[in-house]
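Colleague: To start, I am sharing the structure in question, which I have written as structure tokens.
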Amino acid sequence: MRVAIIGAGVIGLSTALCIHEQYHSLVPSLEMEVYADRYTPHTTSDGAAGLWQAPARDHPDTLWNKETFDYLLGHLGSPAAKEMGLFLISGYNLFTQPVPDPSWKNIVLGFRNLTPKELELFPGYRYFSVRTNLNGTFAFNLPVTNEIVLPRLMQRGVKFFHKKVESFQEMFAQGMDVVINCTGVRAGELQPDPELQPGRGQVIKVLAPWVKHFIITHDIESGIYNSPYVIPGSEFTVLGGIYQHGNWNEENSAQDHKTIWENCCRLLPALQKAKIVQEWSGLRPARPWVRLEREPVRHGHFQAEVIHNYGHGGFGITIHWGCAMAAARLFGSILQEKKLASPPQPRL
Amino acid sequence: MAAPKVAVVGAGVIGLSTALCIAETCPSCSVTVLSDQFSPNTTSDVAAGILIPHTYPGTPIHVQKQWFKETFTYLFAISNSAEASEAGIHLVSGWQIFKNTPKEELPFWSDVVLGFRPMSEAELQKFPQHRFGQAFTTLKCDCPPYLLWLEKRLKATGVQMYTRKVADLWELHSEYNIVVNCTGIGAHQLVGDEKLFPVRGQVLKVHAPWVKNFIRDGDGLTYIYPGIHRVTLGGTREKESWSLSPDPGTTKGIFDRCCSLEPSLRGAQDIKVKVGLRPSRQCVRLQREVLSQGGVKLPVVHNYGHGAGGFSVHRGTAKEAARLVGECIAALQGSSSRAKL
């Protein structure tokens, strides 16, 4: 059973890990290969702030978000946590208008609304009937995580290829039985998908170790991610607040830099003395909902399968493990159909 | 009296903040700071500087609360300004956890810190040996940055600072009109205060920048306070111990206790060990005294004995000390105008 995963961002690598962990002992013939034209630190994931925070909207995705949170929470106390750069962080979500409590309020730890005194910290956000919240959620270091997961997969015998895959057929011609499509924003190059659009973002990474909370502002008018945010990592703090739908440009924009810097310093005056370390732009793989499904593909006389797992927008980190497990379940159903693995028998 | 000359003895957080308050409230005063130690060699430099008050048995609660509130408000404003990083002041959220439910579920300061609330069951699961907890957001004053920032502010207002060991407050009577005694544990010898005793604290300052939340055991013995560059791990409370030498067994004990609360600390790097002697007393000695010899008087304002709570109340006690200095000046002016009659 030969499996190829296309894409080596957080989605590709976590899907590879999840499937390998679950099936390598059940399927002795399992051979897994990862193909990607970009690896850490050049993937979209590498620019992510790495904060677990689900979008406010209520969505079937919600379960995948919870599964990811619980998975990360379970790893918190482990030695792996430090390697992964995984840690708990508290912070603020600020709104200019009243909003209902988010669907994930019981997933994170200690969700609550801010007190009037705390709102004094954020003057622009108090003149409306504002609700803001503070929660213990996760941040982790994506480049570090990708660097950890990749060697782990290699240790498990997964092979990596630095190569741009031009078509699914190319993979099947090489003898792959299943291809898992984790190509993120450029999935359209393998199979046109008008629902998938780039959501261009730009961030400034600074040194500001005195900032211990994340701050995410929300402005219904500007739209999601287009309002300033400050997210501390274990070493650097990410400043952002740019979302440009349909913009494929991966170059840094001076105008966007100015917008981010001014807005974030206004939000948090303590940032004014922060040292700028890096500027980065990336394309969020935006889609109305994640494409996570099987697609049978005929290749000559032969029935092959593609499992799509892309379109995670700006919340790949938040949802990655839930999606990896869902992809693994789809993989399991493929195996069952091919009678290569039987489901666990009930103990009698 | 034109330009009263005020000497502040001591350059820890109490001495420097008191000098600053005096300079602010009495612009005509000439203020000088005298100390045998300056940052980074003061007791304050060892402290984590977290704003969680210590309760003084001998001081009315409403007074302690006022001191804490003034300090919190003052630092909160700095934390929200461009000066925050230079001053070393930042907000930090976290948990105070208890193995047994405390007698007092709502400490007197619970409405001064931000967002004080009991911890949820889910949050408590992180601490299986603890049954109750409180979550809140407070401020941390990193030392040395805070002391260096105070020194900078003092120099800007024209306050002079000199390294000098004062053996006896009286030796200052010919050069200064008023002396402010902020000598912390030094007051034991300097003014012979038998009610002042050291409570030895050993801490570890480690590099663990992924730790963003504080954790404190309600017994006050184990705590994790993330600062700007280092996390302070503590601690000990050894009454009457005067030893400033780090104890290796204690270091291991502190490290193990903190790792049991926050396992990721096992990966902490560059562990530095420090010892400080908390200048402890039933109540802070914050009062006037007049020393006199041979008809010559020297007004003294004492401001020492803050024990484990120096950072938490420093601004409040500094303001009160400055007010007492004002009273001393008024008394001196009163007696000098009487002398003119």
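Backbone N, Cα and C define each Cβ position, glycine as well.
TrEMBL: automatically predicted annotations, no manual curation.
Bear in mind that the values here come from a model prediction, so they are computed numbers and not experimental data.
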Colleague: B:THR43, B:SER44, B:VAL166 bind FAD according to TrEMBL; which of B:THR32, B:THR59, B:THR183 goes with them?
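Modeller: So, going by the record in TrEMBL, that would be B:THR183.
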Colleague: I'm trying to understand the geometry here, so how far is the Cα atom of B:TYR223 (D-dopa binding site) from the Cα atom of B:THR43 (FAD binding site), in Å to the nearest whole number?
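Modeller: B:TYR223 (D-dopa binding site) to B:THR43 (FAD binding site), Cα-Cα distance: 18 Å.
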Colleague: Could you state the whole-number distance in Å separating the C-alpha atoms of B:SER44 (FAD binding site) and B:ARG278 (D-dopa binding site)?
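Modeller: Checking the Cα atoms of B:SER44 (FAD binding site) and B:ARG278 (D-dopa binding site) gives a distance of 9 Å.
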Colleague: Can you give the mean pLDDT for the domain 'FAD dependent oxidoreductase' (B:5-324), rounded to a whole number?
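Modeller: Looking only at the domain 'FAD dependent oxidoreductase' (B:5-324), pLDDT averages out to 96.
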Colleague: Can you tell me how far the Cα of B:THR183 (FAD binding site) sits from the Cα of B:ARG278 (D-dopa binding site), in Å?
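Modeller: For B:THR183 (FAD binding site) versus B:ARG278 (D-dopa binding site), the Cα atoms are 12 Å apart.
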Colleague: Mind checking which of B:THR43, B:SER44, B:THR183 has the fewest other CB atoms within 10 A of its CB? They're the binding-site residues.
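Modeller: Per-residue Cβ counts within 10 Å for the binding-site residues B:THR43, B:SER44, B:THR183 bottom out at B:THR43.
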Colleague: With a 10 Å radius around each C-beta, find which of these binding-site residues (B:VAL166, B:TYR223, B:ARG278) has the fewest other C-beta atoms nearby.
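Modeller: It is B:VAL166 that, of the binding-site residues B:VAL166, B:TYR223, B:ARG278, has the fewest other Cβ atoms within 10 Å.
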Colleague: How many Å separate the Cα atoms of B:ARG278 (D-dopa binding site) and B:THR43 (FAD binding site)?
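Modeller: That separation, Cα to Cα, works out to 7 Å.
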